[in-house]
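Asker: One structure, as structure tokens, below. Some questions next.
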Amino acid sequence: MVTMGQLWTNTGSALATLMFVYTIFKQWFPHFGDHLEPFFKRLFSRFYPYIQITFHEYSGEHFKRSEAYLGIQSYLSKDSSSRAKKLKANTTKGSKSLVLSMDDKEEITDEFESVTVWWQSKKEGNIRQSFSFYPAADEKRYYMLRFHRRDREVIIERYLEHVMREGKTIELKNRERKLYSNTPGQNHGNQTKWSHVTFEHPATFDTLAMEEKKKEEIKSDLVKFSRSKDYYKKIGKAWKRGYLLFGPPGTGKSTMIAAMANFLEYDVYDLELTTVMDNTQLRRLLIETSTKSIIVIEDIDCSLNLTGQRKKKEEEDEDEDDKNTIEKKMMKNEGDKKESKVTLSGLLNFIDGLWSACGGERIIVFTTNFVDKLDPALIRKGRMDKHIEMSYCGFEAFKVLAKNYLDVEESELFDEIKRLLEVEGIKMTPADVGENLLPKSEGEEGETCLRRLIEALKEEKEEAKRRVEEDVKQKKEEEEEKRRRKEKKAEKEAKEEEEKKKKNKIEENGEAEH
Ligand SMILES: Nc1ncnc2c1ncn2[C@@H]1O[C@H](COP(=O)(O)OP(=O)(O)OP(=O)(O)O)[C@@H](O)[C@H]1O
Ligand SMILES: [Mg+2]
């Protein structure tokens, strides 16, 4: 009895012999071979159980490298570097490291859902006679995927998508990240355009001085967001998330943005609203941003520089309600200034209008020193989904800084610092703490730096006391001034009233005489 395996082996070797004979035959009788070729192909495909798909490096117009080819190259780079025997190393534009891929004519296998596939890197074209460093123009490279025809469904429906998705992820990981800023271009009239530099900020969540719990919460929020493509699709929401970072200057708002970008490996778009002419330009800038990016608007409360005008108005009308909303600022901006006509509604449209959904995965971060000044419409949940307060340095945050700056994790001086920060409640920003901890000369001891910090904290306490006293004094003076003005006003009004009465009396008397 012949087993199935033996049958396949026999058929395979019979086919191979037939192909060999056919090749010889074709060499001797080239014209006759043309008639037989379709027949042989049909015969061959009936018994050959594999399917092949080729992915050419250049396909279509414009001599652009095919996305599929590049995706496969990235996908295979992770496996080929450990499995293939002959590798090619390439630097590609915008990539931060070498990309290893298998060399021509190499083959590796891959497994997916218990299905085995074979990838081959191939090259076709004329063999050159002369030596040259450059590839021949007629050399064509391609990847060939081979799999059993019983696995057709798995491969076509799921494996190829998996390869493309993984490849894209590896490509994105390998790319050099960029920091974009919008500057008015000289060649484009007043149009503002994105220009970029390589993003190389060293801040990470490890170096960020903040309570561990808060840090972990933000990190898991970011991770959850970046993995929620399908979830956002399911609930019908654009795949974006808004963060509002607020707190006094020097508490690490900008540093946090850099840490977020490094953590998620996103690009950063630093949007300067004051150079944006109008809502149309704002929209255009948004459309030009790429996926996997953080769009940052720093100091949103003073992005549109109108505080001067606001002050004038306040001086004229003292009793005016002190509701300093962005909308008011922007409305005035629209009327008085020619430079920027970005309105609150334009900005809101930018955040959650239809345009914000193009391109996918984006984080929008606003920073401000004065959260109370912002219009509630701007910071409501859904627009700014997560509000993060960046505050003065606590003991836990100090420990992170001491470790980063001085490599000190324990010291007897820590108790005193803890007392000053927690019991005395001295407020010092992480920026100032860091400055005090920074060794000022080569070989300065960690202990010296810690003592300097203790001194600075004590000084800060005195300074804060002085500030409070001054504030009280100033408030008193202001109230006194206000009272005086009110008195003056009342006096003036009484005087006017008296004069009015006098005038009326004279008129009445005059009429009586007539
Ligand atoms: N939480 C922090 N962790 C680590 N370093 C910090 C932190 N806060 C501030 N720093 C240090 O202080 C410097 C200033 O911080 P940063 O620019 O992030 O403050 P900011 O809150 O953005 O201030 P501003 O409101 O003035 O823009 C940074 O270079 C950083 O080294
Ligand atoms: Mg900042």
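Placed from the backbone N, Cα and C atoms, the Cβ positions cover glycine too.
Feature list, courtesy of TrEMBL:
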DOMAIN    239-394  domain 'AAA+ ATPase'
REGION    309-334  region 'Disordered'
COMPBIAS  323-334  compositional bias 'Basic and acidic residues'
COMPBIAS  461-477  compositional bias 'Basic and acidic residues'
REGION    461-514  region 'Disordered'
COMPBIAS  488-514  compositional bias 'Basic and acidic residues'
Asker: What average pLDDT is reported by the model for the domain 'AAA+ ATPase' (239-394)?
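Answerer: The predicted confidence over the domain 'AAA+ ATPase' (239-394), as a mean pLDDT, is 77.
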Asker: Across the compositional bias 'Basic and acidic residues' (488-514), what are the DSSP residue counts per state (helix, strand, coil)?
Answerer: 26 helix, 0 strand, 1 coil
Asker: Go ahead and report the DSSP secondary structure tallies for the compositional bias 'Basic and acidic residues' (461-477): helix first, then strand, then coil.
Answerer: 17 helix, 0 strand, 0 coil
